[in-house]
Amino acid sequence: RLTKMSQTKRAWKLQEFVAHGSTVNCVALSKKSGRVIVTGGEDRKVNLWIVGKPNCLMSLCGHTTPVESVRFGHEEEMVVAGSMSGALKVWDLEQAKIMRTLTGHTSSIKSLDFHPYGDYCTSGSLDCNVKLWDIRKKGCIYTYRGHKNGVNCVRFSPDGKWIASAGEDGLVKIWDITAGKILTDLTYHNGPVNIVEYHPNELLLASGSSDRTVKFWDLENFNMVSTTDGDSTPVRNILFHPEGTCLFSGTKDLLKVYSWEPSKCYDSIPVNWGEVADIAIGQNQLIGTSFSQTNVSTFVVDLKRVQPFGGIPHQEGGSNFSSSRNKFITERPPTQSSRQASVPKEDIEEPTQDKEDQDNDSFEIANPEDYRQIFRPKSRLSHSPTRQIEPFQPPPEDGDMEPVRQPAPTRSNKTSKPVNKPPSKPVVKPSPRQPEEDKSGISPEDFLPQKAGGNDGYSSYGRVPSENETLSTLFSGHDAMARVLAHRSKNLQIVRAMWTSGNTKTAVDSAISMKDPSVIVDLLNVLNLKSGLWSLDLCSCLLPQVQDLMDSKYDSYVTAACEALKIMLRNFGPVIKSNLTAPPSQGVDLSREERYRKCRQCYENLCNIRSKVASRGGTPGKLGQLLREIQILMASMD
């Protein structure tokens, strides 16, 4: 029986459920209500869910390759999904039908966004391009070219006149839709930019990067307003408060609240969400979602207990928000002609749609009652999931549950626990595909050997160990691991000393001579973040190491090798091919002969790696996607 609800809990895990039959690739929350989730996976399906409920609301089928990005319309009336092949599909959720299949990208689509009031959407892809689409008539209206690497995020401005794009190349670009050209490059990030968001009212843009900072940009003069101090992990998601009073930043297992004039941290809230995929705000609560393998998890942060809205002030807490910056003009154009005039007239591409692909498009509505309540309400004023949305209630703290006297459960039904919800609230039954979570805490006895018989504290395996003995067992391998890590740290310090002296090639040769795969992986991760450091010399030195890492049993090692291989193929693949096929020069040209030797060596290593990539082509998840991209890049070497 629930006797007392926690008054201090600021963040908690709401649910975890199996979202797809294979790996989940992307998750997005509806921004209007924050109560509907859309997911995309390796199974080529797009599934819709209600936050807090474990059963799938609707499944959208039709994509022929894994779904890589998803996005709700502003009124939750549409969903757009982009696939690995570069195709987009737009579904009308109210009419339960496919609106359009659009093709034009040549690689995986990583980000999508809907125009604030027009029948347009934008997409960013690994093919380095940003496209503007007319989802009802013309297909691709314009292609914006300029990024040197994949585009991680695209967003329309609140007035619908600009597109901001964030790239793996560390650049944020602002595109003028009417003129069909770039306005400016924002260049102060030192790593890939993962996310950009416009302020809801003011001429202000925020960008979050793998360099662990959030930067704020004034869109009147395109200068940087301020930057946050570096976090411990990359910034994965950001969101302005609907009233524009602060910005929420999501990193690994942490939510931070920032002001920007001056840049100060209002609050920092630990949230056990891992790598957060999306965040939204509703009913004074921030909803966050993340995914791992086939599972999706949702989390709740109570904003009434977070600064600057309430709670205990953070040590860096800022003052009240105030700004004199100009605002976006967000009034919708009054006529169809004015709306059509807001996009460029050139570069129009006719839409293409595979008839067979179109025939595969279908809806699978698993819960018609919930579907009608959300997408076909009697009142046309709102598309919120319930007629009266109430905030999610936190689970009780440890010790908040009064023990109930009842027969002790047997071992087989020990996992059956009461749902920790107030009696007045509707009870959400967990999905049969997921284990129930013990909200009341973890008992140390769960880690100890179970008694085989009797109540004397002994089993057929001997005496039940004490807590100290159990801890001793757990730490038995600690010393060995500490020695391994100390040796690895020492090697990295040696490489770092050579690197900082300015001789990158010597540092790489030193790392190779150590014959420690973990050091090579750390080195590759640095080079992957700074792709401009690569040269033909480094390719010839590191390709044999990449070849060895492809056989590793550790996915992180293979992933680092694949990322390096992708950069080498993109930047030096044409150079290697042209040098091998060029006719021999007349006379003695030592530099050309040396370049030919290195290119020949790289080509032979790439041929050996190609067979290993092909043998692992069926690998699921992000690693499988990387391997398939590498196969495409290697095909250009033929």
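The backbone N, Cα and C atoms fix where each Cβ goes, glycine too.
Nobody curates TrEMBL annotations by hand; they come from automatic prediction.
According to TrEMBL, the protein has these features:
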type	residues	note
REPEAT	17-49	repeat 'WD'
REPEAT	60-101	repeat 'WD'
REPEAT	102-143	repeat 'WD'
REPEAT	144-185	repeat 'WD'
REPEAT	186-227	repeat 'WD'
REGION	310-464	region 'Disordered'
COMPBIAS	317-341	compositional bias 'Polar residues'
DOMAIN	477-634	domain 'Katanin p80 subunit C-terminal'
PLDDT averaged over the residues of the domain 'Katanin p80 subunit C-terminal' (477-634): 82
The repeat 'WD' (60-101) - residue tally per DSSP class, helix then strand then coil: 0 helix, 24 strand, 18 coil
DSSP-derived helix, strand and coil totals, residue by residue, for the repeat 'WD' (17-49): 0 helix, 18 strand, 15 coil
Tally of DSSP helical, extended and coil residues in the repeat 'WD' (144-185): 0 helix, 24 strand, 18 coil
